[in-house]
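What Swiss-Prot records for this protein:
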SITE      Cys20  site 'Involved in tetramerization or stability of the tetramer'
SITE      Phe43  site 'Selectivity filter'
SITE      Thr183  site 'Selectivity filter'
SITE      Arg189  site 'Selectivity filter'
TRANSMEM  9-29  transmembrane segment
TRANSMEM  34-54  transmembrane segment
TRANSMEM  82-102  transmembrane segment
TRANSMEM  133-153  transmembrane segment
TRANSMEM  160-180  transmembrane segment
TRANSMEM  202-222  transmembrane segment
Amino acid sequence: MLRKLAAELLGTFVLVFGGCGSVVFAAAFPELGIGFVGVSLAFGLTVLTMIYAVGHISGGHFNPAVTIGLWAGGRFRAVEVIPYIISQVIGGILAAAVLYVIASGQVGFDATTSGFASNGFGEHSPGGFSLQSAIVAEIVLTAIFLIVIIGATDRRAPPGFAPLAIGLALVLINLISIPITNTSVNPARSTAVAIFQNTWALEQLWFFWVMPIIGGIVGGGIYRLLFAEKQ
């Protein structure tokens, strides 16, 4: 069990460090930065590579909504849910702390005013999208993510391609929802950066736990009900 938790901690660390790091650093230059496409690729590539790296140890969740969604889909034991989530949150916070230390070396950096890659809705949505829009986006996209994850790891699926499918799904999800909420679908990712943003991101953090978890349960339940092999 300890090896599984260490794998989840490391995987979530790399996800937050790579994905949120791309937002904090590489997307900060209007003309030279990587933009929405680059950020989307960064999140997808970190998940893809870390599933290949440690997925055989822990399953490669790196996301509390995925862990709960897999449980809802009958693919994960309830007794392991809380330990996995704790490891994921710790890994994310450690990554955000490293990002904060690096970013603090830039003259004029302020995590509060920059947003520090935090997720938000309403006035804190990158595109000014409402709470209602954010609810629909986070639930639907997390549900889709779970359906892809469970389907790609189904024993009937082509072997060896699950990390690629999952990583590309996360790229697509980010391309869709960065303008809406800055893309969460992952409470650990949202928590990690919100702690260092330390104002509005913490006030809205409840949303980025509740909605992705609902979406995860919906996605896991849909796959279990409609697509799982009959026993």
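One is the number of the first residue shown, and numbering goes on along the chain from there.
Each Cβ is built from the backbone N, Cα and C atoms, and glycine gets one as well.
Within the same chain, the transmembrane segment (202-222) packs against the transmembrane segment (133-153): three or more Cβ pairs sit under 8 Å, each pair at least 6 residues apart. Cα-Cα distance from Arg189 (site 'Selectivity filter') to Thr183 (site 'Selectivity filter'): 10 Å (rounded to the nearest whole number). Rounded to a whole value, the Cα-Cα separation of Phe43 (site 'Selectivity filter') and Cys20 (site 'Involved in tetramerization or stability of the tetramer') is 8 Å.
Its Cβ placed at the centre, Phe43 (site 'Selectivity filter') has 27 other Cβ atoms within 10 Å. Counting every protein chain shown, the Cβ of Arg189 (site 'Selectivity filter') has 31 other Cβ atoms within 10 Å. With respect to their backbone Cα atoms, Thr183 (site 'Selectivity filter') and Cys20 (site 'Involved in tetramerization or stability of the tetramer') stand 11 Å from each other. DSSP assigns Phe43 (site 'Selectivity filter') to a helical segment in the three-state reduction.
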